[in-house]
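Engineer: What Swiss-Prot records for this protein is below:
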- 1-72: transit peptide (TRANSIT)
- K251, K469: substrate binding site (BINDING)
- D383, D385: Mg(2+) binding site (BINDING)
- 383-386: motif 'DXDD motif' (MOTIF)
Amino acid sequence: MASLSTMHLINHSPASRRRIMSAAAAAAAKLHLPECFTITKSAWMNNTENLTLNYQLNHKKISKVAGINRVATVDAPQVHDQDDSTENQGHDAVNNIEDPIEYIRTLLRTTGDGRISVSPYDTAWVALIKDLNGRDAPEFPSSLEWIVRNQLDDGSWGDDKFFCVYDRLVNTIACVVALRSWNVHDDKLKRGVTYIKENVEKLRDGNVEHMTCGFEVVFTALLQRAKCLGIEDLPYDSPLIQEIYHSRQQKLNRIPMEMMHKVPTSLLFSLEGLENLEWERLLKLQSADGSFLTSPSSTAFAFMQTKDEKCYQFIKNTVETFNGGAPHTYPVDVFGRLWAVDRLQRLGISRFFESEIAECLAHIHKFWTEKGVFSGRESEFCDIDDTSMGIRLLRMHGYDVDPNVLRNFKKDDNFSCYGGQMIESPSPIYNLYRASQLRFPGEEILEDANKFAYNFLQEKLANNQILDKWVISKHLPDEIKLGMEMPWYATLPRVEARYYLQYYAGSGDVWIGKTLYRMPEISNDTYHELAKTDFKRCQAQHQFEWIYMQEWYESCNVEEFGISRKELLLAYFLATASIFELEKTKERIAWAKSQIISKMITSFFNNHNTSSEEKLAFLTDFRNSNGLNNTNMVLATLTQFLEGFNRYTSHQLKNAWGEWLAKLQQGEGDGAADAELLTNTLNICAGHIAFREEILSHNEYTTLSNLTSKICQQLSQIQNEKKMEIEGQMTAETSIKNKELEQDMQTLVKLVLGKSSGINRNIKKTFLAVAKTYYYRAYHDAQTIDTHMFKVLFEPVV
C-alpha cells in the first residue's frame, strides 16, 4: 500500500530526482481531468453557468506516469527543486516567482503616503497660484510645465488608457484655464478648447455613475473662470451647459452652508467650486497636514483666498513628491494599504508577505479613530468604505476593533458612504457586507449592516444597477454576485482565489475621484501574474497528490466499504481548498485520508455482518499496535496511516484515534466526533502540538473543540436532511439559517480571531477551517461543489 513515508525522494540522487520530477511535471501538464472526472465537451466549450460534472466511477487505475512511482511525486519540497537543464525549461516560468515576490515586498515596504497617479485638474489649480514675491509668474512653475508635457494627442488631458467624458472635460478645462492665466502655449490651449467644443455633447451619453466627484460644481466654476479670462469658442451658452449650470445651482441650494462651516463634511473636498465661504471658520476645519480633506485643488484654492502657511506647505510637499504634478487626493496611505492587503489575500498570495502585511495593518490601527478612517490618515472626515475594510482586515488579524464605529454612517435603517451622500454606490456597501459577516455575538450594528447591505445589493443586482461611482471595474458585478452566493462561512480560501483570479483586472481597474486615477498598490499586474503563477504551481502539486490518492484508494480497497471515488475527490478537495500551500502536502493528505479512513471504520462497525467479536478484536489489535500484520484491511490502513509520521506524532495521533474509536464503540460516532478527530489530527500533523500534549486538554482548546464539534454536528444533520429531501425521503426540518447555529458560528469566530489565552493562533484557525468546510457542504448544492472542484483542481489557469 502507498504511504506518506514513501513520498520522500531523499534516497534518490539529485540527477535521478530531477528526472523523476521532470517526468511528473510533464504528466501534470497533460493532466486536466482524472479518468474518474469527465465533463461533456459542449458544456465546457459553451462555458455554461450550469456546468455539470459527471463522475464515471470505475475501477481502472490511472496509467503509470512514465514508469515512475507516482507516490514519489507527492513530495512537496521537491516540486521546485529543479535546475536549468533542458528537460525542465518548460517549467522555469512556473517556478520563477522570486522576482515578483521581491518587487511586491519592496512596493509594500516603501508605500509611505501611498502611490497615486497625477491629476491634471488638481495640477492646474496648483499652477494658478501666483508667485509669492509678486512676480508675474506661477509660484509652482513645475506644475505648469507638467501640464505642458502631458497633453494627449487629441488635445485633451486625462487618463490616456480609459475614456470617460467627465474626466477628460474637467481635466481639459482646468488645464486650458491654467495656460491662459499665464499666457503660455497658445497652441496647446487652442487644441484643448477645440477638444471641449467637439466633445461636450458626449456628456449626454455619459454614465452618470461614472461622473467625477462634484463635476457639476467644479466644471461650471472653471467655465466661469475661462469666460472671465476671455477664452473664446467655448460653448458657454449651449443648452447642455445651461442644464449643467442648473444642476449646479440645485446642488448648491441643497448645501447646508452653516453645517459645512461647523464640522468636516465632503464639501471640504471641493471648495474651489463653492461660493460665499467664510474662511476664518473653514480654517478651523483644516486637516493636521494643512490640507482640506486631502484635496490639493481645494487646498490650492483655499491658499489663494487665505495665504495660510499650512496650506502652502501641504501644496509644496505634494508638488515636490510628484515632480510638479498633484494627485486628486493625498495622502492615500490608509486606502492604499487596506486595499493592497485585501487584494493579496483574495488572490491567495498573502502568505509571501506576512511581515509587510503586519506592518500595513499596524499602520492602519495606529491611525484608527472612534469615527473610523478615511483614505488618508488623521482625517476628521471618515467614510464607510475604508472603515468597513479596516474593520474586516484588522479583525481577521487579531486586532480588537469596535464595529460600533459604523453607527457614524447609519441613519434610521440605512447606511451611507458618508453623511450627505446623494447616490449610494455598490462597492462601499459590498465592503460593508463583507465586514458584517465577521460579527461576534451581540453585535447588533453588524447585524443591521448585514441586513441593509444584503437587501441593497440584491436590489442592485436584480435591477442590473452595478455601475459604481468609485471604481470602474469590468468584473465588479460578477464579484458582488459571487459574494452574495458564497457567504464568508461557506467560502473556502482556494475557491475564493480561483474566482478572484478571473475578476481581478490588475492595472485595468480605474478609480473615480475628482478625476480618474490609478493606484499601483491596489491595481497591479504583478499581483495578478504572481497569483496566476502560484496557482499553477499549487494546482500541479495538487494534481500529483490526487494521482497518489487514487493509488492509495485502489491499494486499500476503499471501494469495498461503500466509499466512491467521488467521495475521495470531495475529501481531497475540501482539504486542498482549505490548506493549499505547496509545503503542506502532509496536512492535505492527512485531512483527506482521515476523512476516508474514519468512514471505512464507521462502515465496518455499522455493518450488520460485523460481529461483536470482530469489533472487539479490531479495538484490541489497535491498542496493541498489531495493525500492519492484521488481515483486517481497515485496521491495516489505519495503522499504516498512523505510522507514516515520526514516532512522537504517531503516538499523539494514535491517542486521538483511540478516543474517537471509543466513542464509536459507545454509539457516539457522529459529525461531532468526526470533526473533533479531524481537528486533532490536523493540529498534530501540522506540528502545532509538538511536544506540548497538554495543549489538547487546555481549557481554550477544549472550548474550541466542543464548540466546533457542536457546529459540525448541526451542519452534518442539515446536510443529511438536504440529501434525503433531494432523494424524496423527507422534508428538511433544519435550516442553515438556524439562529442557534448562527450564534455558535459567531462565538467560534470570536474565539478564533480574538485574543488567545495561551493557544497558538494557527491551532485556533484549524477549528474555523474545519467548521467552514462543514458549512460549505451544507450550504452549497452538489452541482455548485462539482463546479468548484473542477475550477480549483483541474481547470487550467489562463
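Cβ coordinates come from backbone N, Cα and C, glycine included.
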Engineer: Here are the binding-site residues: K251, K469. Which has the lowest count of other Cβ atoms within 10 Å?
Structural biologist: K251
Engineer: If you measure K251 (substrate binding site) to D383 (Mg(2+) binding site) at Cα, how many Å is it?
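Structural biologist: D383 (Mg(2+) binding site) has its Cα 21 Å from the Cα of K251 (substrate binding site).
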Engineer: Tell me the Cα distance separating K469 (substrate binding site) from D383 (Mg(2+) binding site), rounded to the nearest angstrom.
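Structural biologist: D383 (Mg(2+) binding site) to K469 (substrate binding site), Cα-Cα distance: 14 Å.
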Engineer: Please work out the number of neighbouring Cβ atoms within 10 Å of the Cβ of D385 (Mg(2+) binding site), leaving out its own Cβ.
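Structural biologist: Neighbour count, Cβ to Cβ under the 10 Å cut-off: 27.
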Engineer: By the DSSP assignment reduced to helix, strand and coil, which category contains D385 (Mg(2+) binding site)?
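Structural biologist: Its secondary structure by DSSP: helix.
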Engineer: How far is it from D385 (Mg(2+) binding site) to K469 (substrate binding site), counting Cα to Cα, in Å?
Structural biologist: 12
Engineer: DSSP secondary structure for K251 (substrate binding site), reduced to helix/strand/coil, please.
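Structural biologist: Where K251 (substrate binding site) sits, the three-state DSSP reduction gives helix.
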Engineer: Would you count the other CB atoms within 10 A of the CB of D383 (Mg(2+) binding site), including those on all shown protein chains?
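Structural biologist: So the number of other Cβ atoms within 10 Å of D383 (Mg(2+) binding site) is 24.
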